[in-house]
């Protein structure tokens, strides 16, 4: 009896912490959702109402009227997909080479990568912009994609993951006559599939949501990614009396599909992130 | 002997071919630009005229004499510490709580992690509405508790706090996930042995769990501070560095100098300071970790 009491208290404390944090964290999303179907009067009402008396789907009609939001979503989706595939392949190859191929200068190379890893990406913006413009690729998705194809973070984490694979596996494969290409794609990659999943998700999410760099490269509104697109919509609606209902509706259109995909694939995504290979570092 | 040499040559060629696909963009978009930035920091180039004039250390000395620069430095430090420490403490607390329960773990975990995957720009727009002084949700919550309303983004006193709140809200789940995994790796036998010895919940937490997860804490502090030095999206949407420069960080200052004023030289000098700051942070954190982090 004496032992049970603390565990009951502990249970209550634990659930209180979790419930309160979940509500606080989820609330901005709920607020976005309910405000997206309120009238202007309801939005400016004090005290605020959680739910509108009649849902104003018209806000969505305003947000989607010219179809640009779908263009932004498509732009973000396809550029991020290409970037993710390239980054996963070239980073895995690079990480494999510096962990398993004994070639001249690999230690020096790793030191350079580590130093670059500490550098803020911002320090590259001005020269990168100039390079992209010299290549004639300003205002093109190609320029944006190309400039995002080196990910030091991904290389670094692949290296951590690959170093944890038992060396004897490589030796055995080499004795069987496997070359490095086969070892990487048929042995190492399947063994570190969770790292591929995690880094793939990080790369995709990062580039899907990219704002600062993409806004420097892409000028034409038709080429905007979602973050620039939603910001442009925000400024446009803001200029004539802040139509918060439509702005919230636009945010919903951008955010909800992402949340939906995340809720469906939650287990898979989070288990990938928390797999030992990525974390140990 | 000859076979060995041939094999080593082969390894050199294969190695080179393997690194090439990443090395090309790495050199073109990272290494050359970093060196070029350093070079530009000694010029007063405006990003348009073809000729570049050297001004030696002018950009550096003028920054070091400029009170506005120190303000951005202070803002950057405030933001780094103000986002990292609460994220680490709350993330650990939530991870401990999640670890202490079996029911509903998945739902809590999903909800708390969700902000991380959403675009910072979109959620910052939502937050700017929550911060709205007159009818915003946050002031309504304050008024329920009988607290005075705040001007949040519109006041120099609370703007930084507002930006920090949004940032912590967004990255908390990410920190929690890493801690969750670290806590699960703490050996159960150690905790059970401590319980038998009469150790309470708190002494087990501070004497066993905290030391054992310290490598994760170290990793998270480094990543979180490096991220904080690069924060831009939320600042741009919420405050544009204002009011009165209250939320202008070094990175935001860099952006303004480079792409609003087109002063590539000064911007590059700010970037060099940002690099120095990153290195100093990493060195301090590494030095502290040598004393406190337990690797087994």
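Backbone N, Cα and C define each Cβ position, glycine as well.
TrEMBL lists transmembrane segment for one of the ranges B:12-39, B:40-67, namely B:12-39. In TrEMBL, the transmembrane segment annotation falls on B:159-180 of the listed ranges B:159-180, B:181-202.
Simply put, out of B:77-98, B:159-180, B:212-232, B:267-288, B:159-180 has the most Cβ pairs sitting under 8 Å from the transmembrane segment (B:110-130). The stretch in closest packing with the transmembrane segment (B:212-232), judged by the count of Cβ pairs under 8 Å and taken from B:12-39, B:77-98, B:159-180, B:267-288, is B:77-98. Same-chain residues lying 6 or more positions outside the transmembrane segment (B:77-98) and placing a CB less than 8 Å from one of its CB atoms are 105, 108-109, 112, 160-161, 163-164, 167-168, 171-180, 182-183, 205, 209, 213, 217, 220-221, 224-225, 228-229, 231, 247, 249, 281. Residues 37-41, 59-60, 63, 69, 73, 76, 80, 218, 221-222, 225-226, 229, 250-251, 253-254, 257-258 of the same chain sit 6 or more residues outside the transmembrane segment (B:267-288) yet have a Cβ under 8 Å from a Cβ within it.
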